[in-house]
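Read the structure below first, then the notes.
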Amino acid sequence: MANPGFGQPNPFAPPRQPYPGARQDYGEPDNDPYGSLNSSTTRLAGSPGYYDQTPQPDFNQRNYAASVDSHSSYPSISPFVDPGVGSNEPYPAWSQERQIPMSTEEIEDVFIDLAQKFGFQRDSMRNMYDFLMHLLDSRASRMTPNQALLTLHADYIGGQHANYRKWYFAAQLDLDDAVGQSQNPGLQRLKSVKGKGGKTKNLDSALNRWRNAMNNMSQYDRLRQIALFLLCWGEAGNVRFVPECLCFIFKCADDYYRSPECQNRVEPVPEGLYLSTVIKPLYRFMRDQGYEVVDGKFVRKEKDHDAIIGYDDINQLFWYPEGLAKIVLNDNSRLVDTSPSQRFMKFKNIEWSRVFFKTYFEKRSTLHLLTNFNRIWILHVSVYFFYTAFNSPKVYAPQNKNDPSPQMTWSAVALGGAVSTSIMIAATIAEFSYIPTTWNNASHLTTRLIFLLVILALTVGPTFYIASVDDRPNLSQVPLIVGIVQFFISVVVTVVFAIIPSGRMFGDRVAGKSRKYMASQTFTASYPALGRTSRTASIALWLLIFSCKFVESYFFLTSSFSSPIAVMARTKVQGCNDRFFGTALCSNQVPFTLAIMYIMDLILFFLDTYLWYIIWIVVFSIGRSFGLGLSIWTPWKDIYTRLPKRIYAKLLATGEMEVKYKPKVLVSQIWNAVIISMYREHLLSIDHVQRLLYHQVDGPDGRRTLRAPPFFTNQNGNSNGHFFPKGGEAERRISFFASSLTTAIPEPLPVDAMPTFTVLVPHYSEKILLSLREIIREEDQNTRVTLLEYLKQLHPVEWDNFVKDTKILAEEIDGEGSNEKGSAKVDDLPFYCIGFKTSSPEYTLRTRIWASLRAQTLYRTVSGMMNYSKAIKLLYRVENPDIVHNFGGNTERLERELERMARRKFKFAISMQRFSKFNKEEQENAEFLLRAYPDLQIAYLDEEPGPKGGEARLFSVLIDGHSEIDEQTGKRKPKFRVELPGNPILGDGKSDNQNHAIIFYRGEYLQLIDANQDNYLEECLKIRNILGEFEEYSVSSQSPYAQWGHKEFNKSPVAIVGTREYIFSENIGVLGDIAAGKEQTFGTMTARALAWIGGKLHYGHPDFLNATFMNTRGGVSKAQKGLHLNEDIFAGMNAFGRGGRIKHSEYYQCGKGRDLGFGTILNFQTKIGTGMGEQMLSREYYYLGTQLPIDRFLTFYYGHPGFHINNILVIYSIQVFMLTLVYLGTLNKQLLICRVDSQANVLPGQPGCYNLIPVFDWVRRCIISIFLVFFIAFLPLFLQELVERGTGSALLRLGKHFLSLSPIFEVFSTQIYSQSILSNLTFGGARYIATGRGFATTRINFSILYSRFAGPSIYMGMRNLLLLLYATMSIWIPHLIYFWISILSLCIAPFVFNPHQFSFADFIIDYREFLRWMSRGNSRTKASSWYGYCRLSRTMITGYKKKKLGHPSEKLSGDVPRATWRSVIFSEVLWPLCISTIFVVAYMFVKSFPDDTGRTPPSPLIRIAVIAIGPVVWNAAVLVALFFISLFLGPMMESWAKFGSVVAALAHGLSLLGIVAFFEFFWFLELWDASHAVLGIICIIAIQRAIQKILIAVFLTREYKHDETNRAWWTGKWYGRGLGTSAMSQPAREFIVKIVEMSLWSSDFLLAHVLLIILTPPILIPYANRLHSTMLFWLRPSKQIRAPLYSTKQKRTRRWIVIKYTFVYTIVVAFLAALIVLPALFRDHITFNCSICRSI
């Protein structure tokens, strides 16, 4: 773009027109760019123009384009001419002189009338009146008031995109209303659904009737309808989550209002009638689905989602006429049988509990993946089958030939079609179980199933025919032709199934014309259409990805796999034998291995796609960023020097002003405000500010002129050091601001014409403001550092500026201090330490605020978001200099005027659900917020105890800083107090919290913010541009009802505008940086590409929502408990399926905090993972997966669930690969492998050798492949840095990541993700042990880390380590090093990223704590003990007992339902059995060869059985003995408190002894052969695991919520435990539990020691701790956090503990090492002669 000089008008706007649409009423088509298209001159010939029905003068369009000589862009009746007039009107745009259709008084009368007719609450009515007036004021400030009311009515009730109108036609109510009361309408409707023909004509005429009715409505009626809708919505409470139900209520109310009986009523209905008769019954139904009342408390019912009728099920009843027909009254008549005008009065008689039913079963099962994503499976599994079948001819060749006949080859490859058909059949059968077989749902499924079976016959049949005739001698050509035809049918079938969504096959649910599908089309499949370029890009992207993938996979994976197949397909192992199975198993070991290899290859085939997806999406994203004008190639110097012009051109809405005021003057005000705000936040010091501001200087001719700051004038590239602190926050913010203005941005409107918007923050119990104690006291002895110290480390420059500032302040207050230099230094110390010298509140408060603004507090969020108000005032002042003139020097009145404008355009509400229950400190902090920001509004829940024994009444209450304080109670008096139907918090809390406060938002748009975000003034200046993204600025002056499908009203509305997030905690070392990098790539890079090709669903939290669109469609987030764990994603999917567009803007960003300790990051990932698991179950995924066209489906899949499924597959690939290696290892160990020459020909002279060389080549390729898939994860981050910050910084960041071992963390977090999804799909219950917030500097002790991560990852890692150990012993190739690293990282990652893990003293003290943790909790209850951890991991399967036993330890247990039988049978019984079988087969193969002496060994099966089951039997025996001992001794020993612990310790010790003894015995049996022993141990572990899982799953009843039974078992005291009658049955149950617990205890003991041994070597290296901290925090050793200070007494005890436990630790480690090393050394000398041993 050319650089326009400042003298010219704004280069982007059409000449002299502030925004399109200013002149449309003048009817001058020659100079209006859009006039000929959409002004009212182009009417339909027949219809009278909209304005001609009621003659109105022509000058009601507010004239912005003022004539050149009046410099005000205001109409002449400006409130500023005479500041007394009109300035206090609450809704200025809706004022008398603007030709309003009805005055505010008339509108108020409408509301009062409605409230009296229906019994709405008074406060709700006042609230909704204010709400509507704000909406009208917001709209009318940029169009005529008439048009404002019209478009509003179109948005809420009757327009093309109004949800009410869509519902009206989807539920076929047009038929209901057209039929009249002559015949029975209910039956009539059901017939009309089934009727054939003439449907579309019928629908079109109905649409036209609707449009005419809307068009001919009076403005009064339109307003009344909106008012009635809002009143129904405003009191609906939780019913707001079911939008179509709300539509139905509104329709009934509207019909009733029009009826004569309503009009003739004189006396008003009692207040609150609507709430108690209409809303409460519905609310009660919703609540009783999930809760029951026990002793006046609500207790969660133990039901899973498929048994709960949730919001979505309730809502879907109202979609279909058949559903409405199910609504029955308590006299068994149907609601539809009464006439429409009578229905509303019948609401109190409806029996809701008989009406609703499930419309989609969210069963927990992995089959959802099959149903929803069937096209993914077909694209991969079928193509893989085609490839592999073609490349493994030997598998299906006849026994005597080497190659199959051609027809057989064609036919075998063609079976791929049968594979895809069977996938479809499986998906359809699964779908049957998720959809209730009522009305019209299942019919298309049945037809589909029949069709699929026919296709299956077509694709499989020919193969049977060909196989039967294949070996006949002189064959005709027929079989060959049949085979070829079959192949082509298969290809077509696969392509069709892979491309057509299953919802559109055989009965199109998406685009079908039949009215039967109307509702599901309207509400689940109205996807907004993509523009032509976007659609092309989308299709191109997927063609590129899949063509690359299919080519690469064919050559790299499949064709390289053909040679191992050729070698292995028919190899039989000779000369092996087994006592029981003969040669049946061992001779087929090679084909077994081959089968595992096939699976391995398939998994890699899946992973490849993700790899290509990442590569291409990054390419597209970067291409897109160049297209948007963001790029690294523009030098910074240009970006900065052009900044002033860009601010002027893009941020300011300047109509005529440049004539009088120089642009420089305007820009300077904006820029100076931004710089000063940074100075106030202590980001810049005074010197920096001086170099950045515009200054007034005396010009050469004596006039004062503005001098631009050196920052803009002498930019020679990189000398930013003296403008702002290097690498600081200020630099980041200014550079983002400058580069963001290079992109194309929507034009701003003048401030008084901009729409009103609201920021809403849900707040539960997050910190509001840090207290002094929290800042300067350590949390506990593990933290080692106070909060303030830590923040000073992270923000040294800002602390420095703060201290200077405080000193200046202190000097001003204290007067001149002493002048001696020496004492000044000493005096300054307290400032530098804690930021204040005297503890008077004004100083301490400053320090508290400084710290709060750098931690994650609500105060930070509020002060950040309040910048909007500052920005609006600033823009208003800059753009209307006349105001400043008119007010002369009266700054107070000027400020009041600015305040008024800011308050009119911007509202800020916090939904503090706990406000009335705050403790004293929280109350003070909240009060402080209200005093600091009086315009802040707080919505909270207020509870009034009900009548004796009745339920409490709850109210939604709104207060703000202007509410006066009540003298008696000391609380503020509420502005509005609306009664709710009951306790609104029925779900996970956040969405309910938003929903109760949503009625207090004002204006047209909402920005939803979390309580850990931040915002900056320079970003807030762009608010008008962002709101312009909703494309509602220039609405044509044509009525939306004048003609249907007018192009302006035809576009899909924009529902959500996404923005970027900046993670402000990224400077806290490696973990913070990883988290920030993830967010950068996901939130920015992929979002950019996805939004372009129409796949962005996720709305993260700084996003702007179109409030009218979202609130008429079920609110801003979904709220069913558990299912909608990630409530925000569901809002995005909901908006997308109902026809809203979702955009992404690059030029705006908010700050966001993340918790950055290891544990907290993983808790966050667990939450994301479990949330993803819940999403897989949800109906939204089902609709998207089965209805989206292929390219958008793939975009959706790889953008959202694909990432997590890829993680699951990465982990599976590691496990399957380990298994492959074990099997190959057994072959390599026992068989003679041929040696080959360089041409891979077998050398002669090796009789009976097996040529397995190609297989080992394949293994190497596999490892490379897995390695690549993993490392591609770093590519997006690298490129993102490259594009945004340049090559150097990208390489540096990547290098830092690798040096800080971030790949270890990546492997680990992949495991956490995949584990959390899988366990959620099996068991449900997002349960994890919280590790608390806090910093990344706290050292967490070993036992906590172990208990938190053993289940998800350490156990699996250790099992795989054993497999890897065996593989390494039997086939060593250097490639295996990579696996050693990645599998070790599964075990040790939690400890590697634990701060100060490697300091010697702490390590030993940890060991002591670990030993105590292992053994406590047996005589009295302890909060954290091994026993508690073991129980918690068990309850997932057993569930808790229903009966409540009031015990304090009940807090530990969540209200998670017990897992279902089916999932438990599979995951806990069958799966472990399969795995142990696989390993046992491998072991038996190794043992099936004769040994050196030629003796065939005895059966390995018996040996394994003895060694595996032996320890269990031993434990049982020990337990029985101890049970009787404690039963008799216990009561006598009652006075001895430790008795239980002693017995327990004895038992544990004996079980440990048993396990060790059995191991030694086993090793002796194996004649000290290490690799055989390892393989044996693998088997033993698999078998024991299977036994334990089966015992827990099959034999255990539900768990008590307390641990009485455990203590009873050890102390022998069973009476007096509150067990009641079950004191007899419990010992038997506890016996089984204890058997399992013994094995678990001893294995945990050994495992933890192995881990400790692995972690010991770094401790012995000097300075390891220093290095480790540097790696973790990225702080130089000098800057690092000091060692903790201890008193002498503490030091002494610590030293003693360290000495004592070092000794213990060394002895234990030496003992364990001896068990392994000694026999290995002395193996030749140790010989026992025992006869039993020979037979085992």
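Every residue gets a Cβ built from N, Cα and C, even glycine.
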Per TrEMBL record, range annotated transmembrane segment [choices 1208-1226, 1645-1663]:
1208-1226
Per TrEMBL, the range holding transmembrane segment, considering 229-248, 449-468:
449-468
In the domain '1,3-beta-glucan synthase component FKS1-like' (220-332), how many residues does DSSP put in helix, strand and coil?
73 helix, 10 strand, 30 coil
Hey, which bits of the same chain come close to the transmembrane segment (1258-1279), Cβ under 8 Å, at least six residues off its ends?
556-557, 560-561, 563-564, 597, 600, 604, 607-608, 610-611, 614-615, 618, 622, 1077, 1080-1081, 1085-1086, 1210, 1213-1214, 1217, 1220-1221, 1224, 1290, 1293-1294, 1297, 1303, 1306-1307, 1371, 1373, 1375-1376, 1378-1379, 1382
Could you please provide the mean pLDDT value for the domain '1,3-beta-glucan synthase component FKS1-like' (220-332)?
90
Is the transmembrane segment (1572-1596) close to the transmembrane segment (1501-1529), in the sense of at least 3 CB pairs under 8 angstroms with a sequence gap of 6 or more?
yes
Given the cut-off of 8 Å on Cβ pairs that are 6 or more apart in sequence, determine whether the transmembrane segment (1541-1565) and the transmembrane segment (539-559) share at least 3 such pairs.
no
Using Cβ distances below 8 Å and needing 3 or more such pairs, separated by at least 6 in sequence, tell me whether the transmembrane segment (1572-1596) contacts the transmembrane segment (1363-1393).
yes
Which residues of the same chain, at least 6 past either end of the transmembrane segment (539-559), have a Cβ under 8 Å from a Cβ in it?
379, 383-384, 387-388, 391, 601, 604-605, 608-609, 612-613, 615-617, 620, 1089, 1093, 1190-1191, 1194-1195, 1261, 1265
When you scan the chain for residues with a C-beta under 8 Å from the transmembrane segment (1698-1722), skipping those not six or more beyond its ends, what do you find?
1400-1401, 1404-1405, 1407-1408, 1411, 1556, 1559-1560, 1563-1564, 1568, 1570, 1646, 1649, 1652-1653, 1656
